[in-house]
Amino acid sequence: MLSLEPRNSFFGSMFQALNATAKFVASPEGTALAYGSLVLMALLPIFFGALRSVHCSKSKNASDMPETITSRDAARFPIIASCTLFGLYLFFKVFSQEYINMLLSVYFFGLGVLALSHTLSPLMSRIFPESFPNKQYQLLFTQGSDDTKEEIVNYEFDTKNLLCLVIGAVVGVWYLLKKHWIANNLFGLAFALNGVELLHLNNVNTGCILLGGLFVYDVFWVFGTNVMVTVARSFEAPIKLVFPQDLLERGLGASNFAMLGLGDIVIPGIFIALLLRFDVSLKKNSRTYFYTSFLAYIFGLGLTIFVMHTFKHAQPALLYLVPACVGFPVVVALIKGELTEMFSYESSVELLPGSPRLTSFPTVSGSPASLAGSMATGSSPRHRRLQPTPL
């Protein structure tokens, strides 16, 4: 019997089983299917997000640049996350949980539509032929008149982008009305892929600072207080991937979920994407560090599941993922004699001089809350052209 307390780190940084029904005994087949599906869903946004991050970093359009995380940002990240977590804890203690979650649902509806639209854009470009009548549109809001006129919003998009937005809106309405786990996962996967693609670490040192800080953060808030437990029980948002353990018995209406937080995907994922860009910079036509870190992630996630089932207790996945994702590539670099090159590599060199850096943090990790900021960042802060990103 698997009956674990429904814990979840603020960044969704927790791998756990969440019993939605009392005393349900998951079958071995159902448990294996659930965790196998979660591992597969975790790998997809990391793999494709990392590939897209390479193309994103080579973009010639400053307004489409990713946000760069510096060492200073990385050091502040766990502190800001802790303050936000505790703030949410106080909110849920003082205000009605129903109204807070209603506001969060509307907030994530908007973010989810944008994230899913951005995720589907390359696919739409591949599906539709060149002969497709792809009309251009522009959404423009200004204030003032004549010489004092100032642009508030200048948003350009085309027919394919519009179709992506419609699909995202349909999924969003489905999520708002039903809170179905499939709709949750579609938004969650889009958030994770966008996070890995658009949040760039500037170097390996920054990655180590960020992962190390969140390693301590995760362990402290999971094992040291009940703050995370309270927020997890109250918080309803697509900041996690879920898969029912009772799917074989109850079909799509299943309600006993295994869960993987988006932070367990995005945080290691942006480090893995950095190593892929480092591989590309070596110009050796190999992806040694990317595949090493990718396999390390699989190992760390598998170890998390093993420990969780051995001790029958929810585990903070970053406790196992951080040492694996950092340690394995470092060992490989030592063996190949490329440790100096790895730690001296600067990803920001590939970016244009006007590339934005991360100056604000998402309220919930794994969601591209930073997308709204990145869409309004760069040389033209209110002007963004939606363009498909090749895989």
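A Cβ is built for glycine as well, from the same backbone N, Cα and C atoms used for every other residue.
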TrEMBL record, transmembrane segment, of the ranges 152-176, 252-276 the matching one is 252-276
Best-packed against the transmembrane segment (208-232), counting Cβ pairs under 8 Å over 74-92, 98-116, 183-201, 252-276, 288-311, is stretch 74-92
Highest Cβ pair tally under 8 Å against the transmembrane segment (98-116), stretches 74-92, 183-201, 252-276, lands on 183-201
